[in-house]
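As structure tokens, the structure follows; a few thoughts come after it.
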Amino acid sequence: MLYRPKIYTNYNIINGGTKSRLSSACYPIQCAVVNSSNAIIDRRSANFEPSIWSFDYIQSLTSQYKGEPYTSRVKKLERDVKKILVEMENSLAQLELIDTLQRLGISYRFENEINSILNKKYVNINNPNYNLYAIALEFRLLRQHGYAVPQEIFNQLKNEIENIKKNINGNDIMGILALYEASFYEKKCESILKEARIFTTECLKNYTIMISEQKKLMIDNDYDYDIEVVNHALELPLHRRTTRTEAKWFIDAYAKKQDMNPMLLELAKLDFNIVQSTHHEDLKHIFRWWRHTKLGEKLNFARDRLMECFLWNIGIRFESKFSYFRTKTAKLFELVTFIDDIYDVYGTLDELELFTKAVERWDVKMINELPEYMKMPYLVLHNTINDMVFEVLRDQEISINIQYLKKTWVDMCKSFLQEAKWYYSGYTPTLEEYIENGWISVGAPVILVHAYFFHANNNRTITNTKEIFECLEYGYYPAIIRHSAIILRFTNDLATSSEELKRGDAPTSIQCYMQEKIVSEEEAREHIKFLINEAWKEMNNDVGLYPISLTEDATNFAKMGFFIYQHGDGHSSQDNQSKQKISSLIIEPIPLYT
């Protein structure tokens, strides 16, 4: 399925919307002088803080885990684990090992073996000896890897599930948790999985209450590890966590598990640290690029969030072999962020019209029509994308049409402009209008279309690029890009809505729905969460319809929305929590021995 972005050209005649009470007079104003006329222009200011991650600090990063003796040790551990995985006779134990490898972030080292095992599981899927835990685990792993497993496989467990409902205890909890995690692979119209999620969520919450009460009464229990993973799952299910972010948490949790395998733990820690050392080199590269542009130095009204932009990248593609991918897409993230701030907080409507026109023309001569402060961002955008096209043609040896890439920037700038028009006119769009514009303005189409062409040197088959993206010539995008973008748009809104209103941005989905339906903020937030679940169902349907690289990028991008915005605006904010996230994933290695 394909989707065309709707760009509203006359915001005064849109039906169904209302005027908001937003006023720029309520927000910080910054005065600027326009050289051509010496006129003073009142500009908004978001008062973004400078980046806390200095160039010198990034260039000084070092890691002891590069090279020997750690790489030799990892190769030995990898051989040993591979032997265990392949030679396992117990089918359930094999599934559990695959799940553990995934959560530890090292399954990519055993990709061929895991695919072979799961293919055999799929062929012999109806195992009469499996209980709820085994069937739910197998179902989740198979769906995760793109197998079309029917939800009806759970019908054989009706009696077992009913018994659990009547009398839940600690022995059942791993089965309930497995079913809970599996239920998030629900597609449209899958009522069995929908009911399973409701039932298991209630059971898991009751279980946490029961354990909490036992601890208050000082009753001994053996569920420390179980309760930790249950609480973690209730906070956010596995299907909404990226491999790298989950690995950082799970390595610590797995170390506390009574029956943990020391060999797996050592491999996971070493792998995490070795991969992290490649991230340091990626960071040094993109920080040198950013310093060379001097955008952050000369135009300090916009966010300088290169480290935060890089964080998105390791959620999408963390493995060492994707260094090329990360260094390219990190630049895209920063350019999207920077240009967003030009539209959101600094440019006048007339200036934004000029910038949008310049992007449409994609011609360096257009800088002569732009105000001084827009010339550098425009040239950096133009030159960076053109250089990327050249480098892909040179390094990747695949065909790339720059018109596809240009189209994404034009659409995004038009959507930014639309939001600016809504703001300056005091117009609050309907939720539908907001969504049709917002899934473009969130920047996901720009990132995902460009990113597709950065995979060819990673043994990823990049074929049928024209078949996949020629729809852009007609104004449409692949459905999986839209669904990923909608999830990202809503997770962003849930975290940043209040802050964006304070600095005078256009209304978010929450305010649009509140005003359209005359409901409270709490009700609006619940509705947005419902729409996120609906978009996930659609994206689950998309699996298998597109190349695996595009599917994985889009899915991981949506997952990173939860990670970045789970506790606030992790993209813009530089509070202690955001700093800790970055430090633990990118800067600090995991101690091998504790």
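Every residue gets a Cβ built from N, Cα and C, even glycine.
What you are looking at is a predicted structure, and each value in this text was computed from that prediction instead of being measured.
Take the (2E)-geranyl diphosphate site that Swiss-Prot assigns to D340, D344, R489, N492: the candidate from R291, R303, R394 listed for it is R303. Across the fold, the C-alpha of R303 ((2E)-geranyl diphosphate binding site) and the C-alpha of T496 (Mg(2+) 3 binding site) stand 15 Å from each other. All protein chains considered, the CB of D344 ((2E)-geranyl diphosphate binding site) has 23 other CB atoms within 10 Å. Separation of the C-alpha atoms of R489 ((2E)-geranyl diphosphate binding site) and T496 (Mg(2+) 3 binding site): 10 Å, rounded to the nearest whole number. Counting other CB atoms no more than 10 Å from each candidate's CB, the binding-site residues R303, R489 peak at R489. Around N492 ((2E)-geranyl diphosphate binding site), the same-chain residues six or more apart in sequence whose CB sits under 8 Å from its CB are V442, G561, Y565, H571, listed in sequence order.
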